[in-house]
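Worksheet: the structure to be examined is printed underneath.
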Amino acid sequence: MTRPVPALPERPTIDGLEPKWAGRWDAMGVYDFDRSRPRAEVFAIDTPPPTVSGSLHVGHVFSYTHTDAVARYQRMRGRTVFYPMGWDDNGLPTERRVQNHYGVRCDPSLPYDPDFEPPERPGDRQIPVSRRTFIELCERLAREDEAAFEALWRRLGLSVDWSMTYQTIDADARATAQRAFLRNLARGEAYLSEAPTLWDVTFRTAVAQAELEDRERPAAYHRLLFERADGTDLEIATTRPELLPACVALVAHPDDERHRPLFGTTARTPVFGVEVPVLAHRTADPEKGSGIAMVCTFGDTTDVMWWRELQLPTRAVIGWDGRFVADPPAGLDTEPARAAYAELAGATAHTARERMVAMLREQGRTAGDPQPIVHAVKFYEKGDKPLEIVTTRQWYLRNGGRDPELRAALLKRGRELQWHPEYMRARYESWVEGLNGDWLISRQRFFGVPFPVWYRLDERGETVTDAPITADESALPVDPSTDVPPGYSEAQRGVPGGFTGDPDVMDTWATSSLTPQIAGRWERDDDLFARVFPMDLRPQAHDIIRTWLFSTIVRSHLEHEVLPWRHAALSGWILDPDRKKMSKSKGNVVTPMALLEEFGSDAVRYWAASARPGTDTAFDPGQMKIGRRLAIKILNASRFALSAGAAPGNVTAALDQALLAELATTVDAATAALDDFDYARALEVTERFFWHFCDDYLELVKARAYGEHGDEAAASARAGLGTALSVLLRLFAPFLPFVTEEVWSWWQEGSVHRAPWPKAADLRGQAGAADPDVLTSATDVITVVRRAKSEAKLSMRAEVRRAVIAAPRAVLDRLALAEADIRSAGRIQDIDVREQDGEAVEVAVTF
RNA sequence: GGGCGCGUAGCUCAGCGGGAGAGCACUCGGCUUACACCCGAGCGGUCGCAGGUUCGAACCCUGCCGCGCCCACCA
């Protein structure tokens, strides 16, 4: 039977494959999720929704490629892959982008203007717009960005099912976040609390522990002179003298001999003359500063701890805007104290510090000059001013931060999860162990998911916070600033005896911690949710273990009492050539689309897939060139093999059987690596085999495949070529989806991405009992012949008159099986063999 | 301060108990029944340092040095 000759292109090229195949895959539904399949046949991926605040960068291309390789592998293994894309468009990044892009700012006090149109170009001054207008602009810009993101992902060849795309701000996501919150509230896991809160004065919002970062900042110890009860001076070192009016106590270590006599007595603050107690606390450090600290409400989190544990009064001085409040705190009762405070009122912390120090100096209440130091200060990771601590009412979600049982349960979840690479688990553990409070989930911002609650107003119009009115689950999503709570009418909004909506929105992580529930349509499609949840894989970058990964586990643990996924695959970062993390803010970043256009998507994917899981990797166009070369080689080698008649069939020659035996080993290695999410290893072993196939096997058999040694011998060679090519294309398909699909289409039916993953056992069956080392020995001989030609500065095509091979009997036997191929490949006229002892194989060549 | 990871050829990295490897770069040669976006050959390393375990260590143990990251109550 003759097979149809494949339609081979004259000069194949990898250029233009991306749009061609992206379009066909979409039309053919190659990556559609089949929701009729049972859970055991589903591979569900909790795709990271990229932040929509500008553009994707090389790091995204890098890590999403890793996930895509795994998705494609699982699909070829016969699973139906649940692989949605999401856009993380809620939250501060979008707000900031909208402010800059349109030149506007949100003023919630303004009424909605339906005809508002932003200017073509942002002006010098930001235009105030209503909350609703602001949100509309956020949505508009997000949609534009999302379209550009999708185009990039399609060009990169991500095998996502685009029918399942979600946005973290869309109605379904809002409803899901609100539903989960209401359930948390009903179970007592979410609660409202008025407490000192880390506060960003620029964005005027509370910030959670997970969003903090330390930055080294220059500061100085100022030594202030307090007055002991007996009238003598007491030196107190502080880096924040401006907080003196907020001082509520002095604290030293209980064993500190210097200060022990003072415990139980009081001291007076300089300038303000306020009497404060001297107290002992085990966490006071005798080595630090003067060994005795002033406790202010609040300078840092240590102050908060002492304030809480020692039950101290509150004398807050810093307001929401970071400036000193107008009225002096309680305790500043004397006229001089009030006058001194008036100097600080309205000032920023920086200005207040200068004025406070000046006043202290004038009154002779400092000891010596300030001593400069450098110390770590807490910042909001997206902010550029140090955080203050402000007492506010906020929503919290229990996360084990103040509950040892829950913390232990969450640590246990971390041990249940399979981490790739394994050592990333340590980051989770140290984070959970270091939690110092519950998760603050409310933000005083606009573009986010509102809390689905309202509060009663009493007869005087004061908000009653202890019994929030909750939305009905069936009404979700709600916006309490426009929707009305059950049993009320809009006329009652904001009036005494009526209601008011909760003004805050949820932390972006409070939404994205629910990506499995959002994508799996929890409570909206029970059948789907049961088929995909808990999911198989959470791929993500290692820097958001403490935020996204941890918070997702918290939500799943609280709501479903189960781990949200079985595996977590952590990807590294892309580093600049100078080894710094590559990020947009640093500029000079190559845009991904330009890379895809220059090298081709397969080439860029090759670079990404070459990096070890979890490892930070240098941006390396050199690797992309190699990937491009590999893709072109696949094209050319395939065309050549097919033009020589490559087609699956029975292999009868020992050399061909040996090839398939070697290939079986490669299939085993690649399969084991991908089962372990080690895409890089799978690619490496496949690539190594492929070059061996091209350089050695193809060279050895091409004459035979062309029929120079007879029809039967040719048939075996063509079967060896065809079988190996089919397997190799499938092994490469997860990494180089475009070129493999192109070649597949020349001679096979359907998509290679729906073809079954190769089975080593099948190859071993075809290889039979032949000596698997025949190919190795033949390769050794032609390598020596090539070297001889190189050294003689001859063309590879030069004729060899005679080759004398001296080798052990076993090797000679193997070579005999492939002698005709060796002669053709080396252009050798006569081969003489001589048996010798030992392992060595020697070849003497005469031209 | 605690933890994790990494230091192997000029560069990027693999190898993690028994012959020091790959690709790039470099040198030399070659238009070979596909591929000059190519092919062949070659040069190149006290495997961070110092001890220890072992018949044997790049690989295991200890200490140190350097780099990166994570965490930490930062007066």
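Counting starts with 1 at the first residue shown.
Any Cβ shown, glycine's included, is placed from N, Cα and C.
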| query | Can you check which of A:6-16, A:50-60, A:391-401 TrEMBL lists as motif ''HIGH' region'? | reply | A:50-60
| said: Of the residue ranges A:111-115, A:481-485, A:581-585, which one carries the motif ''KMSKS' region' annotation in TrEMBL? | reply: A:581-585
| message | Just to be sure I understand, if DSSP states are collapsed into helix, strand and coil, how many residues of the domain 'Methionyl/Valyl/Leucyl/Isoleucyl-tRNA synthetase anticodon-binding' (A:656-801) fall in each? | response | 109 helix, 2 strand, 35 coil
| remark: DSSP composition of the motif ''HIGH' region' (A:50-60), residue counts helix/strand/coil, works out to 3 helix, 1 strand, 7 coil
